[in-house]
Every structure is written in C-alpha cells, then in structure tokens.
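Beneath this line is the structure, given in structure tokens, with notes to follow.
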Amino acid sequence: MAFVLSLLMALVLVSYGPGGSLGCYLSQRLMLDARENLKLLEPMNRLSPHSCLQDRKDFGLPQEMVEGDQLQKDQAFPVLYEMLQQTFNLFHTEHSSAAWDTTLLEQLCTGLQQQLEDLDTCRGQVMGEEDSELGNMDPIVTVKKYFQGIYDYLQEKGYSDCAWEIVRVEMMRALTVSTTLQKRLTKMGGDLNSP
C-alpha cells in the first residue's frame, strides 16, 4: 500500500512539475492528429477543383497573423483553439452531412474533436478567468469573421457541390495554417503555461 501511495505521489509531482508530461504541453499526438485531419480532407472531394473555378472566393484566411510575429504566445493558443473549433462546427452540420461521404466526414469530425479535447485539457489552465476577455480579443474576432464569411458564402451558393469543394480546399489551407501555429507554439516552448 505504501509503495502504491509513493508511486501515486511521484506521478502527481511529475505531472505538475516544470518537466511534467501531463501538463499543458503540445504533444506529438496533437501534431499527428492535425496531419491526419489534413489527409482526410484530400479524398473528400467529389468534384475536380478545376470545375469550380468560377466559384472561387478569397475568404481572407488570417494566414499572415498566424505565420508572422503578430500573435503573442498568450494569443496563439486561443486562436488555434478557435480555428479548430470553427472548423469542427463547419463540418458538423446538417448541410455538410449531405455534401460529403459520411464515413470520411465522421472520421474528420472525430479527429477534430480529438484535437479539441487535447487542447481543452490546457484551455482552462491557459485561459482560466480571462476566457470571457479572450472572446473579444482581436485575433479571435478575426478568426470568427473569417468563418462567418465561409458560412455566408455557402448559404449564398445554396450549399452547392462546387461551394463545398471550394470550402474543402479552403479548409485544407486553414488546417495547414493551424498546423503551422501548433509548430510555432511548440517552438515557443510548448508549455502553454509559461510566460
């Protein structure tokens, strides 16, 4: 019994210590999930993107905000979380269910949900009481406007197959940017609790 208690105490100390692996660290698993989600989007196309060129639109992906030095470390995590949450919301709708192969769509939504759950472990620790303030943070507002533009576009186009194909390609870009942001966070130290 004493051995088990000692083992549990050691695990707790390691988990919350500066080198703890159970703290808010961006894991390899998160990066693997991101790559897998990108791979799932590729075969979801029903049409050739070339057949939908007339429906192309620049949605204003905030790529320069994410890839440049505009985001501070304390802003990067909420932006990453918001991008993944909005991507999940987009593909977890009745309209998207009608547009895509159900199996691939379910796998994509499961992968996005897994990424969000992994990040959610850190979210409370990183965002804490500031959560309500972060909803009004300029980068978050920019991400929300970006996705609102996508929703508006789909509605304007009547959720057509070409509109969904354009959005699929755009979401591949968005997930690539999210992956870049995850890499930046890892380079910033990976520990989302450190200043």
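Even glycines carry a Cβ here, placed using N, Cα and C.
What Swiss-Prot annotates here:
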- Cys24-Cys122: disulfide bond (DISULFID)
- Cys52-Cys162: disulfide bond (DISULFID)
- 1-23: signal peptide (SIGNAL)
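Features as recorded by Swiss-Prot, highlighted on the structure.
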{"residue": "Cys52", "record": "disulfide bond", "DSSP (3 states)": "helix"}
{"residue": "Cys122", "record": "disulfide bond", "DSSP (3 states)": "helix"}
{"residue": "Cys162", "record": "disulfide bond", "DSSP (3 states)": "helix"}
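A distance of 40 Å separates the Cα atom of Cys52 (disulfide bond) from that of Cys122 (disulfide bond). Neighbour density for Cys52 (disulfide bond): within 10 A of its CB lie 20 other CB atoms from the protein chains shown. Counting only the Cα atoms, the space from Cys162 (disulfide bond) to Cys122 (disulfide bond) is about 37 angstrom. Over all protein chains present, the Cβ of Cys162 (disulfide bond) has 17 other Cβ atoms lying within 10 Å. When Cβ atoms from all protein chains are considered, those within 10 Å of Cys122 (disulfide bond) total 19, not counting its own.
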